[in-house]
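What Swiss-Prot records for Glu136, Arg143 is tetradecanoate binding site. If you look up Swiss-Prot, you'll see Cys23-Cys167, Cys95-Cys183, Cys128-Cys157 marked as disulfide bond.
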Amino acid sequence: MFHQIWAALLYLYGILLNSIYQCPEHSQLTTGGVDGKEFPEPHLGQWYFIAGAAPTKEELATFDPVDNIVFNMAAGSVPMQLQLRATIRTKNGLCVPRKWIYRLSEGNTDLRTEGRPDMKTKLFSSTCPGGIMLKETGQGYQRFLLYNRSPHPPEKCVEEFQSLTSCLDFKAFLLTPRNQEACELSSN
């Protein structure tokens, strides 16, 4: 009898704690009002990769050699398509160009990477001015990534991102050093 009462009290205590300490909600961005011919203007242009979070360090390992990454997001050549170009500055100073195409899903900003059917990307708003968050999932990994219009956003932005992702049980955290100058983006 005592064990049943104790279990019930612990259960109620858990419910109470869960209701008090819930993770803050971040709304997923949508294409609301867009006629399918272009992506919402505020999200096009240049972005800097600031930080990442994942359940394990292995899911962030691809970013270990990175000092900084600068991206350019542009409307694609066909409706519901985005073209991304990036230049990665490695910690040893090399510049590595990359480009890929995202396909938008109708009515929201779920992105599918062309040539990688297992990869899914969702865009989320950020409380940080000039910021955006992405959640990438694929075969064997999931991670949140923080981007900003500035290569050096306020420290509070990074702290809020880390707090949010930690609350979601993403315990591994990576902050890009951004010690070197960003590489120039190629125009093609």
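For all residues, glycine too, the Cβ spot is worked out from N, Cα and C.
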* Asked: If you measure from the Cα of Cys95 (disulfide bond), which of the recorded positions Cys23, Cys128, Glu136 is the nearest?
  -> Glu136
* To do: With an 8 Å cut-off on Cβ-Cβ distance and a minimum sequence separation of at least 6, pull the same-chain contacts of Cys157 (disulfide bond), or say none.
  => Ile50, Ser126, Thr127, Cys128, Pro129, Gly131, Leu146, Asn148
* Output, ordered by sequence, the same-chain residues six or more apart from Arg143 (tetradecanoate binding site) with a CB under 8 Å from its CB, or 'none'. => Gly52, Ala53, Ala54, Glu59, Leu60, Lys135, Glu136, Phe170
* Asked: Where does Cys157 (disulfide bond) sit in DSSP terms: helix, strand, or coil?
  -> helix
